[in-house]
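K.L.:
What follows is a single structure, and I will ask about it in a moment.
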Amino acid sequence: MTVKYVESSKLPTPMGMFAMHGFSDDSSDKEHVVLTMGDVSSEEPVLVRIHSECLTGDALFSLRCDCGAQLQAAMHKIAIEGRGAIFYLRQEGRGIGLLNKIRAYKLQDCGADTVEANERLGFGADMRDYSILKPMFEHLGIAQVKLMTNNPRKIDALTQYGINIVNRIPHETGRNPHNADYLETKKGKLGHMFGEKDGE
């Protein structure tokens with residue numbers, strides 16, 4: 001595995017003080033970060049969010065997706081609990097990259113859904129690689145998690161790499177008129193689990 005730990009620093013945020021841990025992936029030349037709060041290396045299950053980079057949603061406040069709202073909600077939940085980790089993976093556009101994501105958005109403007117747009121560009125519906133998580137979890141000493149997710153692929157990936165998911169916490173937030181069809185496509189074509197009671 002080519003993912004290596006680089007360095008850590010403090011990261012003050014409106015939700016509280018996090019630690020930011022940097023990792024490099026030589027195989028893709030990408031840099032990933034993990035935000036942690038509290039001691040995540042103890043044996044108690046850790047509240048965890050696996051979040052893929054979304055420039056448009058996280059930084060530009062786009063309403064086409066629910067990514068920005070999900071990131072902020074995850075940070076808020078961890079701050080309330082006082083302990084947790086957010087794995088921020090640099091896999092923009094479900095792994096197709098920012099410029100291809102813009103191309104996919106153009107196709108969606110013309111009527112394609114999010115899966116059809118990826119496929120018309122020659123990509124799979126979800127190109128993300130979750131194998132990069134294993135060395136990050138190992139470095140941080142996290143073995144058991146309470147996973148904030150609606151995505152069954154993330155559950156399968158963590159289980160495959162030996163992470164014990166003791167609880168799945170539904171993570172639904174950010175629905176609006178601009179992303180309602182997008183979320184329904186994620187549910188219908190990608191198997192995302194929406195419409196459940198929040199289990200925290």
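The backbone N, Cα and C atoms fix where each Cβ goes, and this holds for glycine too.
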K.L.:
Can you match one of Gln70, Gln160 to the GTP site that Swiss-Prot gives for Arg49, Ile50, His51, Ser52, Glu53, Glu92, Gly93, Arg94, Thr114, Thr149, Lys154?
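P.N.:
Swiss-Prot names Gln70 for this GTP site.
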K.L.:
Taking Cys54, Cys110 as the options, which does Swiss-Prot list with Cys65, Cys67 at the Zn(2+) site?
P.N.:
Cys54
K.L.:
Taking the centroid of the Cβ atoms of Cys54, Cys65, Cys67 as the Zn(2+) site, which other residues of that chain lie with their Cβ within 8 Å of it, listed in sequence order?
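P.N.:
What remains near the Cβ centre is Thr56, Gly57, Asp58, Ser62, Arg64, Asp66, Gly68, Gln70.
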K.L.:
Of the recorded positions Cys54, Cys65, Asp126, which sits closest to Glu92 (GTP binding site) by Cα distance?
P.N.:
Cys54
K.L.:
Between Arg128 (active site, nucleophile) and Arg94 (GTP binding site), find the distance joining the two CA atoms and give it rounded to the nearest Å.
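P.N.:
If we compare the Cα positions of Arg128 (active site, nucleophile) and Arg94 (GTP binding site), the gap is 6 Å.
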K.L.:
Who sits close to Thr149 (GTP binding site): which same-chain residues at least 6 apart have their Cβ under 8 Å from its Cβ?
P.N.:
Arg49, Ile50, Ile155, Arg168, Ile169, His171
K.L.:
For Thr149 (GTP binding site), which of the three DSSP-derived states applies: helix, strand, or coil?
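P.N.:
SS state of Thr149 (GTP binding site) = coil.
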